[in-house]
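What Swiss-Prot annotates here:
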ACT_SITE  Cys173  active site, thioimidate intermediate
BINDING   202-225  NADP(+) binding site
Amino acid sequence: MEIFDYDNVLLLPRKCRVRSRSECDTSVRLGERSFRIPVVPANMKTVVDEKICAWMAQNGYFYVMHRFDLDNVRFVRDMQARGCYASISLGVQPPDHDTVEQLAAQRITPEYITIDIAHGHADSVQEMINRIKTRLPRAFVIAGNVATPEAVIDLENWGADATKVGVGPGKVCITRLKTGFGTGGWQLSALKWCARVATRPIIADGGIRSHGDIAKSIRFGASMVMVGALLAGHEESPGQTVEEGSERFKEYYGSASPFNKGEYKHVEGRRILEPIKGPLAHTLVEMEQDLQSSISYAGGKKLMDIRKVNYVILGGDNAVLM
């Protein structure tokens, strides 16, 4: 098995088929909806809040609301009352099962439910998928996070409509340092490995450091990527604003950090400061334009044409052409 990550792979151009990059279609379908770009902000308290989620839904983007200190039933009701789709996160603890029962009792079905735990290849995830599929059968279920083909196969067999691949590669995640496990340093290889067996969409979660990494994720089998650091640090970001001299930053921390947990227990995340980048909308438009350029370099017109290109693995004098 080849081991590589985003920083030591480059994609190879093919003959361009468009006159303008603006002709290239970056949209992707997930469930019953299409979205402008294959990018979803990480479901973290310092990346998304209710206002950002509503704006994204109204402007053609996919979102997943975080699951911390939130009344999910009220959130779903409010989003759907606005004419927006509802996309929520759940864990696998008794309160999460209670939320499913409350939604079913009130005949409210969120369009998307993400089962979001650090080690998603677990009996508890199988139980939660089964509960959701039984009580809220119309919901599109995303389950994760996982790191192996075996896990993807199991989650699909258990009923997941999509899987989230990535254990610990994020900028504020320290899972590999604390536990010795994860996909940090080889996330792109893990994605390729998992995509070979997947029959449903994969969301690559973590390790994205530049817009070009989004195109690389699509090439190696992702339908969408979940991005934290690149979409934190905006004017609208819910993280606390910190000023140091003449510079302004936004607080950004992992869901398994003590800053999110409120206690130092089973910590696998840390806190950093992200320079404020300006409005979120500007970054999303730039991502779309950069993906259009990627599609044009791939010799295509649609997003998935990126999957047709060859690539090189960089390694000093020993670059490998694939």
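Note: Cβ is positioned from N, Cα and C throughout, glycine not excepted.
Where Swiss-Prot records a feature, it is marked here on the structure.
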| residue | record | contacts (Cβ under 8 Å, 6+ apart) |
| --- | --- | --- |
| Ile202 | NADP(+) binding site | Val152, Ala162, Thr163, Lys164, Val165, Leu191, Cys194, Ala195, Gly221, Ala222, Ser223, Met224 |
| Asp205 | NADP(+) binding site | Ala42, Gly144, Asn145, Lys164, Val165, Gly166, Pro169, Gly170, Val225, Met226 |
| Ile208 | NADP(+) binding site | Tyr6, Ile214, Ser217, Val225, Val227, Ala229, Leu230 |
| His211 | NADP(+) binding site | Leu230, Glu286, Met287, Asp290, Leu291 |
| Phe220 | NADP(+) binding site | Leu188, Leu191, Lys192, Ala195 |
Legend entry - Ile214 (NADP(+) binding site) - helix vs strand vs coil (DSSP): helix
Inset, instruction - Look at the binding-site residues Ser217, Ser223 and tell me which residue has the greatest number of other C-beta atoms within 10 angstroms of its C-beta. - result: Ser217
Legend entry - Helix, strand or coil at Ser223 (NADP(+) binding site) [DSSP, three-state]: coil
Inset, instruction - Look up Ile202 (NADP(+) binding site) in the DSSP assignment and report helix, strand or coil. - result: strand
